[in-house]
């Protein structure tokens with residue numbers, strides 16, 4: 001993997017992990033409403049579910065590419081298109097707000113959320129098909145990168161959880177500017193994918 005591709009990979013994964021999504025909003029909302037200690041099982045469920053989902057994404061993406069190597073190119077273009085769509089959605093979105101719930105979500109509910117969380121499924125498929133499979137098809141690399149993707153995603157959830165009210169206030173104050181900056185960085189990622 002070239003330094004340019006690594007920088008695009010890290011930019012994509014960090015932005016995707018830190019931008020608003022079901023997990024991040026749930027983490028923010030749970031900690032804001034119930035405190036960090038009572039929200040640990042929510043964060044644990046998300047993390048375990050994230051690992052399982054990333055491994056499933058790796059198996060699915062690898063299978064498609066093994067079926068026909070042209071899928072790498074197709075998935076790369078689809079990944080670039082998805083990143084551009086994500087950039088547009090972020091650029092036009094309003095700042096995030098967390099809606100508190102009555103009781104904190106449990107471990108199993110937050111784990112189950114991962115299997116219907118389109119954002120992380122596309123995150124895994126896009127990262128693997130765009131940044132890993134064009135370079136190597138070694139199972140150890142696919143598994144390692146899947147675990148790295150899950151760790152980066154869990155780190156994003158933890159950042160939102162720890163930031164709590166402070167992060168929410170910052171999004172309310174500077175959300176538009178932040179969204180435009182993140183969108184521009186995602187456009188950079190998409191361009192690097194197509195150029196690489």
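Every residue gets a Cβ built from N, Cα and C, even glycine.
Annotated transmembrane segment per Swiss-Prot: 1-21, 42-62, 71-91, 115-135, 140-160, 171-191, in sequence order. Per Swiss-Prot, topological domain 'Cytoplasmic' is recorded for 22-41, 92-114, 161-170. For 63-70, 136-139, 192-196, the entry in Swiss-Prot reads topological domain 'Periplasmic'.
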Within the same chain, where does the topological domain 'Periplasmic' (63-70) have neighbours whose Cβ lies under 8 angstroms from its own Cβ atoms, ignoring anything closer than 6 residues to its ends? I mean 6 or more beyond.
129, 133, 137
Over the span of the topological domain 'Periplasmic' (136-139), how high is the average pLDDT in this prediction?
91
Considering only Cβ pairs within less than 8 angstroms, which of the stretches 115-135, 140-160, 171-191 has the most against the transmembrane segment (42-62)?
140-160
